[in-house]
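According to Swiss-Prot, the features are:
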- Gly40, Pro41, Asn42, Gly43, Ser44, Gly45, Lys46, Ser47: ATP binding site (BINDING)
- 7-242: domain 'ABC transporter' (DOMAIN)
Amino acid sequence: MEKMTILETTDLKYTYPDGTLAIEDVSISIEKGKKIALVGPNGSGKSTLFLLLNGTLKPQEGEIIFHGKPLLYEKASLRDVRKSVGIVFQNSDDQIFAPTVYQDVAFGPINLEMPEEEVAAKVNETLEYVGLLELKDKPPHHLSGGQKKKVAIAGVVVMEPEVIILDEPLTSLDPVGADEILDLLNELNQFEKAIVISTHDIDFAYSWADYIYLLVNRKIIGSGTPEEIFRDPGMLKDAGLRIPMVLEIYYEIQKRNMASVNRVPKTVPEIVDTLKPPSLIWLDVPEGVKEGDKLDLGLYAEQLGEICSEGVVDTRVLHIHESGQAIVAVKRIRAGIGRVLIYDTDNYKLKEIKGLLASGDFDVVGAMGKKTKLIVESDNLKPDLTVGVIDKSILTALCGKNVLIFTGGGMVDHAVRRISDYCKKSGVRINVDVFNRETGEAQD
């Protein structure tokens, strides 16, 4: 993905008319396709910062740079930035005001003076995308909290923004509703939308975000990757934050010598992977090999001998003796890792689905994304996994079982990438195939 900064701020300061200081000296950067979390307590200035980012408020000091140019607070410039930077408020009722779902989502395109036919096409496409097309004529106040949140998101997505900002997007949602919103955000991110959220949920921010800003007492007191932020005790203390549950569990099992050291797991599958301590062997290594190097297994097949057939997937040099021999950590996996097949529901065919299910090749079936879930529900298919599908699929494959995942759109690439990233980090090889929409064949 091309690195491109869409929005950045330098030394922003904003004070409300009554003299209340909202933020000061705030500098952040938002890049294309990044997932960014602003973490901080209530009253720290997160909501005010969001209103500054799309030009709703104007800072008294500092400036906002939009595509490399200072934001001008005149009609044309504000129109451009508000089309490109959409905000979803914490309370959906503050944002939804039209008599019907359709009219609410159509508000933005109509204000852009789009032709009526184009408005209808965009709104219907967006409502179908978020799984609300069948509710388009309903009054929004008759909807559930999760449905209202989707209406608010749809009203932003229909404008085709580059940046989508969400204030506490998972607050007050039940686990299923929260998972559906998270699926939606991840899919939008696959289309290279920058997603910016505010949250109090440390575990969510740690596992989800690419980059984190800590906003405390109206100032940015720290920024970095989740690994950098949550492994810094001093920064966490200053921000009044605890460490994420995943890290807390890892540290406890590490203290008991039950886990590999110097790892930074972010998910349950990554914690599980730390519980596989390596074996130690001696190998003759050539000059130039250094401690910490990974070895090409093919070059040492003769020395490894039978060990190679026992599922060796990774080697790392721990120490090099003066004799030229090295102590090498050898990581193994047991035979029988399951596979994951992802069926792209953008070309859904019930006959194909029934054939896959009848084959008996799959032990567990999952479904991701609201649109996909509605499709499989309409055909009376009952997936085993509907929440946390990717992590649970990885864990299932590690137990030697095969998984079939139904999903569509950008979630196909998202699932492949997540599983592939796990494989790269862990050294465990899980075969992941996508069912080809054109030929009806699985492709790597």
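Backbone N, Cα and C atoms are what each Cβ position is placed from, and that goes for glycine too.
Report note: the ATP site is defined by Gly40, Pro41, Asn42, Gly43, Ser44, Gly45, Lys46, Ser47, and the residues of the same chain whose CB lies within 8 Å of the CB centroid of those residues, excluding them, are Ser198, Leu215. Listed binding-site residues: Asn42, Ser44, Ser47; maximum Cβ neighbour count within 10 Å falls on Ser44. Take the CB of Gly45 (ATP binding site) and look out to 10 A: across all protein chains shown you find 24 other CB atoms. The number of other Cβ atoms within 10 Å of the Cβ belonging to Pro41 (ATP binding site), over all protein chains shown, comes to 13.
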